[in-house]
Structure formats: structure tokens, C-alpha cells
Amino acid sequence: MKGVQFLVAFVLLALASKFVSASDPSPLQDFCVAINDTKDGVFVNGKFCKDPKLATAEDFFLPGLNIPGNTSNQVGSMVTPANGTLSVGFVTSNTDNRLFTKVLYPGDVFVFPEGMIHFQFNIGSTNAVAFAALSSQNPGVITIANAVFGSDPAINPDVLAKAFQLDQNIVKQLQSRFWWDNN
């Protein structure tokens, strides 16, 4: 009888461990723009995605967040418009290194795929407000220039000169600048 109890307990623990060790799957490509038409898509991670070569910046853009919604509901929620003009974009991974970029105006939304090098730059004449929603428990922030030229200890200037095709003196000058924590 004890053998059966042990077997039952073992099976229950084995089944429960599947749920305990579950995690987000690593993406198989840089991004997936979901599509309904299966004949022109690529099947990735159980979803049909637009062929990445056919993706455009419009696929990551949504205008109109600044248009107030209906606030006559039980919770009385409302939309607060954002101000400022931002130039935003991201670059896909090697070997394409393709740039997707867009100028955002108040109320516009742009999605940066997880893990892509991206930027946002205020090109307006007033302060800009941006909202970030991240999909990790601890997403962290890596400012590329700080990480590369301000690491502690410093990356060997020969390595950076070769990687960036720069004169070693320029690399040393960049490493000597004051790099700050902008998180």
C-alpha cells in the first residue's frame, strides 16, 4: 500500500512541477506581427505572423490614444492626453539590421518588440511624456553607450576600436567622458 501512495505522490509532484517550471518562451524571431490570413504568413510559436521582410513601421503604430474615451461608466475612467513630439524606432537583429522608425505626436503609440535595440528622441519644442509597459518581471535598462564605453572595468580600447572601426584615440576619448545612470 505504501508503494501505491508513493507512486501517486510522485505522479502528482511530477505533474505539478510542469506548472512550477513554466516560463515565457524565447522568441524564434525578432517580432511577430499577427495576421489572420494563413496563406501569406509564417507560423511561429503557434501563431501566424506577417513575413518579417514585409513588416513596416505602421505595423507597430497606433494613432489616437489622445482621443478621450467614454467616462460615463461605473469606474469613471478617462484618458489623459500626452504632449510632445518623439522620433522613435528600433533595429532588428543581424544580419538585416533593419530600421523601423516613426514620428509620434500626442496620443500616438509605438510598440518596441522585446529585446530590440530601440530609441526615442524628443524632436519637439516642449517636454514629451512617454509611457513604457514592459513584459518582464525585471526588464532592466541598458543604455548602449554607457554599457559599451562606460563599463567597469573598461572594455579594452583595441576591442572597441576594431568593433566600431574607430581610431583607438577616439575610443579612449569616449571612454573618458562622464557616463551617468539615466534610469
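Glycine is treated like the rest: Cβ placed from N, Cα and C.
What TrEMBL says about a protein is an automatic prediction, not a curated fact.
Since we're looking at a predicted model, the values are computed, not measured.
TrEMBL has this to say about the protein:
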BINDING   His118  Mn(2+) binding site
DISULFID  Cys32-Cys49  disulfide bond
DOMAIN    52-172  domain 'Cupin type-1'
SIGNAL    1-22  signal peptide
If you count the other CB atoms within 10 A of the CB of His118 (Mn(2+) binding site), including all protein chains displayed, you should get 15
What's the CA-CA gap between Cys49 (disulfide bond) and His118 (Mn(2+) binding site) in angstrom, rounded? 21
C-alpha spacing of Cys32 (disulfide bond) relative to His118 (Mn(2+) binding site), in angstrom: 16
